[in-house]
Amino acid sequence: MIKLSNITKVFHQGTRTIQALNNVSLHVPAGQIYGVIGASGAGKSTLIRCVNLLERPTEGSVLVDGQELTTLSESELTKARRQIGMIFQHFNLLSSRTVFGNVALPLELDNTPKDEIKRRVTELLSMVGLGDKHDSYPSNLSGGQKQRVAIARALASNPKVLLCDEATSALDPATTRSILELLKDINRRLGLTILLITHEMDVVKRICDCVAVISNGELIEQDTVSEVFSHPKTPLAQKFIQSTLHLDIPEDYQERLQAEPFTDCVPMLRLEFTGQSVDAPLLSETARRFNVNNNIISAQMDYAGGVKFGIMLTEMHGTQQDTQAAIAWLQEHHVKVEVLGYV
């Protein structure tokens, strides 16, 4: 549905040349929810704006539903953009128009008959859970409700693609979850292809089928969400995954934790499990194989793309030789082990 090939985007600021995107290629199949994740300044907003040519690529090809957009005339591009809805971080609603009027605007600009506008807007507001807000103004809505209006407006022209530019970044966690569930429901109900950009791996984890990691204007990793969470290939992907799970060291352990080993101490470990290593009885196996005892301090597990992953804080009791052998064995079985210190 979306195929970006060798996209490069260069900005000129006076005598400075800034390369925002460098030879980026991305394929989003029809009906998928595809996430692009990256830190601020990585190029993700520029990338998503190249899809509908809000930013025209310096080089490269943009295919949407089989149509090459970069070669279209302005009138042809305007028509093609009706198939590409877009929502933004800051909603961009017209304060002087009601909820109904905001959603109706693209239909009015397209000279849609009034009775058809009324039918379509009513249908869309019901779909996004705002069936009772026709006559409300944006100033009377919560942030989540404003984004729902923006989603309804983006869907007014029956697009085949929805672009989401940090659509949940301005929302609180509970509202973010409700908006993501709405997008997932719309994707299932309408078969809509969704491309979203975000700096939060939680967003990717909740609704995306595939994910690409962008850094310094380049896609450094892309695969299914389950594969990236199970076998991240880059340090940046690993960092984003770690951000979705966090365990604080209990206060009593922090007081006793030493950086270097001392007499009668035991190592405190942070274990990261992904894919098959989550369900395998690896800690029990280390106890049998290496004569060590594992005391689990705390643990957290989650799912992404149908794959379970998690982290655990443990004490490993045993001789230095046995604990080192057990740690090496865990690492061989795809468990990431970090020695946090000694207690």
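Every residue gets a Cβ built from N, Cα and C, even glycine.
In this view, G38 (ATP binding site) is surrounded by 24 other Cβ atoms within 10 Å of its Cβ, with every protein chain counted. Annotation source Swiss-Prot lists ATP binding site at G38, A39, S40, G41, A42, G43, K44, S45, citing sequence analysis.
Look at Swiss-Prot and you will find 2-241 tagged as domain 'ABC transporter'.
Listed in sequence order, the residues H199, I214, S215 complete the 8 Å Cβ shell around the ATP site centroid, once G38, A39, S40, G41, A42, G43, K44, S45 themselves are left out. For A39 (ATP binding site), the same-chain residues that are 6 or more apart in sequence and have a Cβ closer than 8 Å to its Cβ are H199, S215. Within the set of binding-site residues (G41, G43), the lowest number of other Cβ atoms found within 10 Å of a Cβ is recorded at G41. Residue with the densest Cβ environment among the binding-site residues S40, S45: S45, by other Cβ atoms within 10 Å.
Secondary structure at A42 (ATP binding site), taken from DSSP and collapsed to helix, strand or coil, is coil.
Taking Cβ-Cβ distances under 8 Å and a sequence separation of 6 or more, the neighbours of A42 (ATP binding site) in its chain are I214, S215, N216, G217. The average pLDDT computed over the domain 'ABC transporter' (2-241) stands at 94.
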